[in-house]
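J.: For reference, the structure I am asking about is given below.
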Amino acid sequence: MDAASDDSPGLRRFVWNADERRPRAPIRLLLGILVLVVFGFAAFLVVGLLVGLSGSMLGTTVGSELAGGIGGTLVTTAIPVAGLYLVARLVDRRWFGDFGFHLDRDWWLDCAFGAALGVGLMAGIFGLELAVGWLTVTGFFVATSGSFASGLLLVVVLFVGVSIREELLLRGWFLTNLAEGTAGYRNISPRTAVVFATLLSSVVFGILHAANPNATAISTASISLAGVFLALGYLLTGELAIPIGLHFTWNLFQGSVFGFPVSGLGLGVSVIEVEQAGPELVTGGQFGPEAGLIGMSAMVVGSLLTVWWVRWRTGEVRLDSAVWTPALRWHDEESEEAVETSDETEPLESVESDESGAAGSVASDDTAAPTTEVADDRRPDDT
């Protein structure tokens, strides 16, 4: 909790949480943003270098475009993730896995559910629009440039990177720090803190898409709603498995399977090519289903299915306390040191106890049978 409960004087009291031994939430967020800006600029430079190298080595070919695209995606994912790893260790003072990456069997099971959910929801949108005549199929396995296979591979890698990067940044790091900093401040309850953090992080998610092609006020509001939808799996499990799986397949099947725009962006490669008709308020028009009532309805259905899944898998539905209660790294380190210290002192204490017991036993024997004292004191050589 980031309530100012310690008695440290001056400015330190407002920037440093003495109980948690780390900066307060606003300072953590500012430092994290600074690190992300620096690492983002580094990623931009590295991507430019990779594109230049692939072009000079392979020429302007499909291979060079694919290599440059995949390399660029890996860099723009790996470098920000590395930045947040440093933020976790040095600023947040938590383990990186506590951002929602405890990769056990349940994590992968939840990720598979999220992926299946994204496929099912987008297939439902496509089927409904096709059934009512708002879509016309105009082609299959279409690529506007290059080969279909290479284009699809590039999009798959792109959306894997996008889903990991955005979920880690907005849900795992930003939402979590907001919830931790708000819970307990002026008696704010954990539930209220989580609601506030979810809404604010979702609004930021919407604003980040406001500059996309064909964006409107409605599309920005709808993407904010999508932020709440994506956050739900994290709030109920404390893990990013469901959001990452869902985010990946929602984008992939929306754009490169069913041919819709993805948040206003055309991908240039799709299994099915379609021509959009119907009321834009419902379909989302050129921004894609996310900006229409049909997409918003799918998010509501997806939220209900997420709740059902968590209840089925865990037996209960509740906010996971990991979202607002930090598992600080130094707690674990001190616990390990305490265990090691205990292991080192236990044999000595045991020996001392044994010696005391032996001495007591001898004293007892001496008192009970003094006539055996000489015989007991003799060494083997004396016999």
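Glycine is treated like the rest: Cβ placed from N, Cα and C.
Curation plays no part in TrEMBL annotations; they are all automatic predictions.
When I checked TrEMBL for this same protein, it listed these features:
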{"type": "TRANSMEM", "residues": "29-54", "note": "transmembrane segment"}
{"type": "TRANSMEM", "residues": "66-87", "note": "transmembrane segment"}
{"type": "TRANSMEM", "residues": "107-128", "note": "transmembrane segment"}
{"type": "TRANSMEM", "residues": "140-162", "note": "transmembrane segment"}
{"type": "DOMAIN", "residues": "151-253", "note": "domain 'CAAX prenyl protease 2/Lysostaphin resistance protein A-like'"}
{"type": "TRANSMEM", "residues": "193-211", "note": "transmembrane segment"}
{"type": "TRANSMEM", "residues": "217-236", "note": "transmembrane segment"}
{"type": "TRANSMEM", "residues": "248-272", "note": "transmembrane segment"}
{"type": "TRANSMEM", "residues": "292-310", "note": "transmembrane segment"}
{"type": "REGION", "residues": "332-383", "note": "region 'Disordered'"}
{"type": "COMPBIAS", "residues": "333-355", "note": "compositional bias 'Acidic residues'"}
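Describe the structural context of these features.
T.: Same-chain residues lying 6 or more positions outside the transmembrane segment (29-54) and placing a CB less than 8 Å from one of its CB atoms are 23, 64, 67-68, 71-72, 75-76, 79-80, 82-84, 86-87, 91-92, 169, 173-174, 177-178, 181.
If you look at the transmembrane segment (140-162), the same-chain residues 6 or more away from its ends with a CB under 8 A from one of its CBs are 62-63, 65-66, 69-70, 73-74, 76-77, 247-248, 251-252, 255-256, 259, 267-273.
Outside the transmembrane segment (193-211) by six or more residues, the chain places 166, 170-171, 174-176, 178-179, 182-185, 219-228, 230-231, 235, 263-264, 319, 323-324 with a CB less than 8 A from a CB of the stretch.
Within the same chain, residues 114-119, 121-123, 125-126, 137, 139-145, 148, 151-152, 154-156, 159-160, 162-163, 209, 212-215, 219, 223, 284, 286-290 sit at least 6 positions outside the transmembrane segment (248-272) and bring their C-beta atoms closer than 8 Å to a C-beta of that stretch.
Long-range Cβ contacts of the transmembrane segment (292-310) within its own chain (Cβ-Cβ under 8 Å, at least 6 residues beyond either end) map to 110, 113, 117, 121-122, 124-125, 128-129, 222, 225-226, 228-229, 232-233, 236-237, 242, 246, 280-285, 317.
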J.: In this predicted model, what is the average pLDDT of the domain 'CAAX prenyl protease 2/Lysostaphin resistance protein A-like' (151-253)?
T.: 96
J.: Hey, which bits of the same chain come close to the transmembrane segment (217-236), Cβ under 8 Å, at least six residues off its ends?
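T.: Counting only partners 6 or more residues beyond its ends, the transmembrane segment (217-236) has Cβ contacts under 8 Å with 100, 110, 114, 167, 170-172, 175, 194, 198-199, 201-207, 209-210, 242-243, 246-247, 263-264, 281, 284, 287, 290-292, 295-296, 299, 302-303, 306-307, 310, 317-320, 323.
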J.: Could you pull out which residues elsewhere in the chain have a CB under 8 Å from any CB of the transmembrane segment (66-87), counting only those six or more residues past its ends?
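T.: Residues 28, 31-32, 35-36, 38-40, 42-43, 46-47, 50-51, 54-55, 58, 96, 99, 146, 150, 153-154, 157-158, 160-162, 164-165, 168-169, 172-173 contact the transmembrane segment (66-87) from elsewhere in the chain.
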J.: Using DSSP, what is the helix/strand/coil residue split across the domain 'CAAX prenyl protease 2/Lysostaphin resistance protein A-like' (151-253)?
T.: 88 helix, 0 strand, 15 coil
